[in-house]
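In TrEMBL this protein carries:
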- 1-90: domain 'CARD' (DOMAIN)
- 567-608: repeat 'WD' (REPEAT)
- 609-650: repeat 'WD' (REPEAT)
- 651-694: repeat 'WD' (REPEAT)
- 695-736: repeat 'WD' (REPEAT)
- 791-823: repeat 'WD' (REPEAT)
- 912-953: repeat 'WD' (REPEAT)
- 953-993: repeat 'WD' (REPEAT)
- 1036-1077: repeat 'WD' (REPEAT)
Amino acid sequence: MDAKSRNCLLQHKEALEKDIKTPYIMDHMVGDGILTTLEEEEVRNEPTQQKRAALLIKMILKKDNYCYISFYNALLLEGYKDLAALLQDGIPVVSSSSDKDSVGGITTYVRTVLCEGGVPQRPVVFVTRKKLVNAIQQKLFRLNGEPGWVTIYGMAGCGKSVLAAEAVRDHSLLEDCFPSGVHWVSVGKQDKSGLLMKLQNLCARLDQDESFSQRLPLNIEEAKDRLRILMLRKYPRSLLILDDVWDPWVLKAFDNQCQILLTTRDKSVTDSVMGPKYVVPVESGLGKEKGLEILSLFVNVKKADLPEQAHSIIKECKGSPLVVSLIGALLRDFPNRWDYYLRQLQNKQFKRIRKSSSYDYEALDEAMSISVEMLREDIKDYYTDLSILQKDVKVPTKVLCILWDMETEEVEDILQEFVNKSLLFCDRNGKSFHYYLHDLQVDFLTEKNRSQLQELCALMFSLDWIKAKTELVGPAHLIHEFMEYRHILDKKDCAVCENFQEFLSLNGHLLGRQPFPNIVQLGLCEPETSEVYQQAKLQAKQEVDNGMLYLEWINKKNIKNLSRLVVRPHTDAVYHACFSQDGQRIASCGADKTLQVFKAETGEKLLEIKAHEDEVLCCAFSADDSFIATCSVDKKVKIWNSVTGELVHTYDEHSEQVNCCHFTNRSHHLLLATGSSDFLLKLWDLNQKECRNTMFGHTNSVNHCRFSPDDKLLASCSADGTLKLWDVKSANEKKSINVKQFFLNSEDPQEDMEVIVKCCSWSADGARIMVAAKNKIFLWNIDSCLKVADCRGHLSWVHGVMFSPDGSSFLTSSDDQTIRLWETKKVCKNYDIVLKQEVDVVFQENGVMVLAVDNIRRLQLINGKTGQIDYLTEAQVSCCCLSPHHQYIAFGDEDGAIEILELLNNRIFQSRIRHKKAVRHIQFTADGKTVISSSDDSAIQVWNWQSEEYVFLQAHQETVKNFRLLKNSRLLSWSFDGTVKVWNIITGRMEKDFICHHGTVLSCDISLDATKFSSTSADKTAKIWSFELLSPLHELRGHTGCVRCSAFSVDSTLLATGDDNGEVRVWNVSNGELLHLCAPITEEGATTHGGWVTDLCFSPDSKMLVSAGGYLKWWNVVTGESSQTFYTNGTNLKKIHVSTDFRTFVTVDNLGILYILQILE
């Protein structure tokens, strides 16, 4: 080895030893003949990666320049670009005259040049065609170092590519004419994007040290210029080989003063380019003698001894080299089938490829079909699977092991059958195998499957199909189909398949409800890169033209979805869900008294059992997955066969409802633990009819129990606020933990603490425990007692949590009738700050500004258009608002203080007089000089913060619910005391006192003409008032729940009211007559609004109405029918902020997710 090369290697030895992984590097070096298999084995025997790398470099230092080059190339091929750059300066100059290691007449120099240039190897059965090879070489010599074109043309399958590769497999040609190397590019039939990719790859290969540019060219013109500079400056005397060129326009991208050899079936492709041109025609088939020579080599007999049928086969297939080699490979395995294969060719009974392709392969389709037909029945489908392979890509055995779910040896046996019949090609690098198809074989398989695949994809990837099928059978069947057919799709369709599968997995609980949701609107909530979104957008735009309403969620890119699957198997609250030990199944139970078993990947139902006479509170798989235990309010514990659903045992020793059950984690000694409202824990042996042990210690109901991973401990949590650990062997209490301490920083009131902890689950390593708290889930590190993450997604109380066996995911079940499957890593990474529902919104001409309080009570100012967030203060903020000209922010805190922040310089003004309790509402007057606030106390404070003057409005007997500013320094307030009052905010005098309702006044709205106001109440009525009269104009009766909100239309002729049953009613203001009843109860007994209606707003023309509740709904006021529904991730929306043009809507759900929606135009 040259001294320079040796020094370079020694200089960077430490970096190389630290980073490289030797197995794949050695594969390349063994393939180059540089390393022996014994040396490879010696390296592999070293104990650590670093020692293996050190020994490999030690071996390289003892070898020659070729070894250095082979090592350098291996680094590049395996992606160690930075390390290869370190060695670049040490690359030795290899003497081109050296014939060392000449194999089959090919020198090491030739092998190195061709390997670096990507020139294909010779086929296994190779018959030289010297006359054609010499003709090509003569044309190449005639280029004489000047730019020009040598074209090899002929019909498909005539061997053009083999001839091109053979022509440059010549030492003197490379040394004399192309000392800068040879670069092979497989072109094929390309569109512009495909050609650009080919050019980018070529530029990257030629500029591996990135000396010209560190980024890839962005368009074909730029790529052409880059290629021209690279060829002129770095490879001035090199040959560019373009294989399988179809279109003349493609050549223009390579027309840049290069020496080019190309293969094509169209002689005229070079008409579009300039420079000297030389043509070498290749006959459509081999001559008779050459064809017979190939057959003789395959069947291993002398040419003269071949049967008569051999001559007929050559004649019938027109001497196609590929057809001859395919038939020859078949005859090698079945030497007595000459008549059979000849008859198959003569009958021409197979569908010809050229009928569905622009290729004209003549007899190729017959030969290919024969080869595939003659495969064993049990491996034919595996060959069809190879249609997923891409051209020019060599696939390692490991990929096909994964595809077919088989052992390496099984896969290699099947692939060898294909290789033997010339249906597949194999490269061996050291001990590893890489497989690839000839382009013609890829085309054959693709065309064979194309019509079926296109039909399948067109059907599967259609929102209309999803809607139709989901309405009939539910989402689980569709998810299963996406998984089943995914392996036969190409890369692009696979990504589309993932989009649709994720869409179904996360929206399945919505798609199973009635009335069926608008699937286009659901699709518009998907990421903009998703095919689901793109289809929905296209369909929505067409329907918008016909008057349909759709909403775009413009800030959705900032939202991360942590769930992996959401299913709705029960018709009532789900109390528990658990994985089988193999992670393939999920069992769930709930208030509908059933036990459900379904597939974990798709949600497909496997079992449904009417398990108990009352609500089923818990279920558990046994360690071997043979049994499922259930326990119920009926005080019984039952054991079921998990496959057949047969009842195996019934236990009834508990005296109160049984809340939880759990099997030991090991099957050699199976025990079941149960916990009950009788304060007791019991251990059961399935081989005994009676309880084995009873554990005393809890002073209230036992809510949950779990064995530790090693089965030595049993954890139980109770309504007494403790988590206890029990020794399983002795049944004695070992430790008692006060769980409440983990929640001291919770945002929930302290008085709720005793009911927070519902359940717990150990991680597989025992390092983490998961706890459910109301509608949230917390992950805790056991050793440090630190919270790792929390996740929100359920709309109601969470009753059960459970890790999967490998800890990669976990299940949660809830009162909202859903079961969610979460990815643990995603949840831990996305322990995010979320928003509270108290927000102020300012609509601007070109965007939206949102002022919000987050869950740690900080103020955030969010630009709705860009997503930029400014964190303004860290006070314990309880409410906030922006001043009219957006110069100031006013906010109240939990301690009753009022502060004003000047945005320009962050200066803070503080009120000297506090409220006695937390501030709940705050608002600037129109001039921005005065701030009005109300609190949990009964007073309203009017603070002129510039003059430091205070006015207090005190007359309400209970907490002020809210207030609204009127004209002429007047203010309207309403309270829990059932009254509405009008105040003069300058004098503090109460001017009018309306005794409105017997219950709390929940909301008021003021007509635009300021002559009337409405009031709604917990007494289930709404009233319309005139400011001039102390008695109501109309009392609106008919609601059966608390009337929580009301809104006047812009023209003051209509009033909309919403109640806690999800009903929206529209009334005539002049006579109090009911015009429309919206959101009736569904067949399932749930409201179509998903909960309380909390806010309403009319459009400027009074023809549309938007309502907030469990989600958002838009109504046609004229007909009273729903125009659109937007399902938020969470629920319990408190308010909807609407722009004056009724095109932009802002709300926050109970998960803290911000929604900025715009009507699609």
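Quick reminder: no glycine exception, Cβ is built from N, Cα and C everywhere.
Within the chain carrying the repeat 'WD' (651-694), a Cβ under 8 angstroms from the stretch's Cβ atoms is held by residues 614, 617-624, 627, 629-639, 700-707, 709-711, 714, 716, 718, 726, 728, 731, 759, all 6 or more beyond its ends. Each residue in the repeat 'WD' (609-650) gets a DSSP state, and the totals come to 0 helix, 23 strand, 19 coil. Each residue in the repeat 'WD' (912-953) gets a DSSP state, and the totals come to 0 helix, 22 strand, 20 coil. Each residue in the repeat 'WD' (609-650) has a pLDDT score, and their mean in this model is 93.
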